[in-house]
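For reference, the structure discussed in these notes is given below.
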Amino acid sequence: MAANKKLLFLPGDGIGPEVMRQVRRVIDWMDRKRKITFDVSEGLVGGAAIEAHGVPLSDATLAEALAVDAVMLGAVGGPKWDNPSDYTKRPEAGLLTLRKELGLFANLRPAVVFDALVDASTLKADVIRGLDILIVRELTGGVYFGEPRGITDIGNGERRGVNTQVYTTSEIRRVARVAFELARKRGNKLCSMEKANVMESGLLWRQEVTKLHGEEFQDVELSHMYADNGAMQLLKNPKQFDVIVTDNLFGDILSDEAAMMTGSLGMLPSASLGAPDANGHRKALYEPVHGSAPDIAGRDLANPCATLLSFAMCLRYSFNLDEDAKLIERSIQNVLGGGMRTADIMAPGMARCSTTVMGDSILRELDKLAS
Ligand code: NAD
């Protein structure tokens, strides 16, 4: 049978190739055991691409990323490429170009606490046990991109730094639509966060989200919260939330706050989505939240779970394979429940294992769950 699901693998640098290897193994498993076939091509990004092509993302790789159904990325960066004279020769520039060219305006960051890792959080177990929330952050607008911007000399030894927070109706509506649609597939609750009390862009955000809700999503329970209160509520009672939608700046901060409640960088997946095409298919990039971890690279020590969970998001959001996404999530949960731990999430009494052995255990668990 011809494969019609096209994936581009960009393992990148450091631990990127090691953790992506475990995704390959799950893809082979799906082919063998679930009769679900992916057409996988592989390219270079970041430092690896600089070494091979002199740039962090070649035109050919970008063209391929634009042509596939989804891109899976490992991580980019490392000390070797930390201080280039030319900013466009930084490994991160490859990732930023991908986000820009694919038009990825919605960044999805789940914060899920696995039962076996409740004690890894700095918060009390009661507060975070069973936590499963999703933050949708606007990724291509707002104060990080608004004009005017810059630092100017205003005389008398004074300088002025300016950034502009700016959002248009369509920018707000498209990210809010993604969030409403996701809420419908989850707990059917959406909380929109801004600072409508002190910012016009926040007021417009609230008005547009409310309007879209009335027009298309009345079945979803919508609430609004000022982002500063949101930051407090996330720590006080995070389980009150299902999906949160917010702008680029607040989303940057709130998604890191929510992520850290789960206690481990090696467990955090992410997805970035673009606008739907005529068939309703969105451009998409999936990647773990962590970086290339040069301190442990090449030693079979990295935790592959964040990348495998990113692949589960890919199955769910790009290919509508919810059942298979759940299989991966459940097998990770069970393997952790059985006491397996890579070094980053090691705890007393647990069994310390390598990247490869964690992959072996997850595949064995997949076999069990799918039989
Ligand atoms: P990092 O996320 O790479 O590592 C931070 C710490 O967490 C390190 O001690 C590392 O060993 C550990 N860690 C991270 N992922 C892990 C995993 N899966 N398993 C076990 N331990 C893990 O962040 P950093 O050290 O600040 O950055 C290293 C490089 O990665 C830099 O070049 C940075 O620019 C780059 N970076 C890339 C991305 C990305 O590709 N999206 C994101 C962040 C940082």
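Using the three backbone atoms N, Cα and C, a Cβ is placed for every residue, glycine included.
The Cβ of Arg137 (substrate binding site) lies under 8 Å from the Cβ of Ala106, Asn107, Arg109, Thr246, Asp247, Asn248, Phe250, Gly251, Asp252, Leu254, Ser255, each of which sits 6+ residues away along the same chain. Residues or ranges marked as substrate binding site in TrEMBL: Arg99, Arg109, Arg137, Asp228.
For Asp228, Asp252, Asp256, the entry in TrEMBL reads Mg(2+) binding site. In three-state terms derived from DSSP, Asp228 (substrate binding site) belongs to a helical segment. The C-beta environment of Asp228 (substrate binding site), restricted to residues of the same chain at least 6 apart in sequence and closer than 8 Å, consists of Lys195.
What TrEMBL lists as NAD(+) binding site is Gly291, Ser292, Ala293, Pro294, Asp295, Ile296, Ala297, Gly298, Arg299, Asp300, Leu301, Ala302, Asn303. Listed in sequence order, Thr342, Ala343, Ser354, Thr355 are the same-chain residues at least 6 apart in sequence whose CB falls under 8 Å from the CB of Leu301 (NAD(+) binding site).
Marked as domain 'Isopropylmalate dehydrogenase-like' by TrEMBL: 6-362.
Summarising the annotation, TrEMBL assigns site 'Important for catalysis' to Tyr144 (among others). For Tyr144 (site 'Important for catalysis'), the count of additional Cβ atoms within 10 Å of its Cβ stands at 15 [all protein chains shown].
All protein chains shown were included, and the count of other CB atoms within 10 Å of the CB of Lys195 (site 'Important for catalysis') stands at 20. A coil conformation is recorded for Lys195 (site 'Important for catalysis') in the three-state DSSP classification, outside any helix or strand. As annotated by TrEMBL, site 'Important for catalysis' applies to Lys195 (among others).
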Contacting recorded positions for ligand 1, chosen from Arg137, Lys195, Gly291, Ala293, Asp295, Asn303 when the Cβ sits under 6 angstroms of any of its atoms: Gly291, Ala293, Asp295, Asn303
Assigned conformation of Leu301 (NAD(+) binding site) - DSSP reduced to three states: coil
Greatest C-beta neighbour count within 10 angstroms, which of the binding-site residues Ala293, Ala297: Ala293
Secondary structure of Asp256 (Mg(2+) binding site) (DSSP, helix/strand/coil): helix
